[in-house]
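Taken from TrEMBL, the feature active site, nucleophile applies to 101. Here TrEMBL flags 105 as active site, proton donor. Under the heading domain 'GH16', TrEMBL lists 17-215. Taken from TrEMBL, the feature N-linked glycosylation site covers 109. The annotation signal peptide is assigned in TrEMBL to 1-26.
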């Protein structure tokens with residue numbers, strides 16, 4: 001009986017862990033996503049989906065549903081070799097000109113030069129909140145996990161669960177926060193050699209095409225909404241796992257990780273760009289890590 005009770009106890013713990021929202025493994029591409037443009041450039045190969053860019057077209061996919069708060073993750077292996085001029089994006093966005101958006105943009109580079117990851121945040125259609133960093137690994141040789149955790153309190157960008165950017169809800173300071181528009185989840189690859197690599201100085205070398213970004217382990221653990229106009233299911237009094245303070249606030253270890261990333265890998269932060277922003281943006285004055 002003691003052994004059986006121990007077994008039951010262990011099973012209850014497993015159920016509780018899973019119910020907290022952390023998926024054990026990713027879903028299949030077709031369960032969560034669909035090709036959104038250039039379908040012949042979006043190829044499924046078993047567990048891996050590939051987006052291809054050539055001198056005819058880029059490609060993209062989108063989630064089948066829209067969400068309000070939660071965590072989205074995807075494993076990406078970026079374009080190998082000379083990727084200059086290309087951009088691979090993974091992002092969440094709502095619809096319309098006054099949309100909210102959270103961006104990962106991976107800016108290609110010449111062979112041997114590091115990939116640059118640019119993050120950006122739009123609230124009510126206003127962006128221009130770029131931060132850029134060099135990754136501490138080669139993102140073209142293996143798959144790495146890129147995640148966005150979004151709650152009523154904060155937005156956290158993560159690479160392999162290491163936070164690289166945090167945007168807190170500072171509505172009490174008069175700063176708008178993205179919390180009232182449902183978002184879809186998207187990814188795309190396209191040619192942006194007018195700005196992506198060294199400010200547009202290095203152009204895309206089409207002799208290296210097709211440029212291929214590979215994806216697997218598709219995870220969306222978020223509050224799915226039935227229609228974009230009815231947010232009550234996700235924005236009411238019900239508590240979800242991402243609402244817990246221990247989740248929506250960085251731990252001491254995560255704070256140290258973020259400080260390390262910023263100190264060693266950050267190469268651009270809009271908060272310190274006096275040419276673009278002679279007056280420091282208000283949110284930059286309140287974020288501890290900025």
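Indices start at 1 and increase along the chain as displayed.
Note: Cβ is positioned from N, Cα and C throughout, glycine not excepted.
For residue 101 (active site, nucleophile), the same-chain residues that are 6 or more apart in sequence and have a Cβ closer than 8 Å to its Cβ are 91, 92, 93, 94, 120, 121, 122, 127, 183. Cβ contacts within 10 Å of residue 105 (active site, proton donor), excluding its own Cβ and spanning all protein chains shown: 19. Neighbours of residue 109 (N-linked glycosylation site), defined as other CB atoms within 10 A of its CB across all chains, total 21.
For the domain 'GH16' (17-215), the model's pLDDT averages out at 92.
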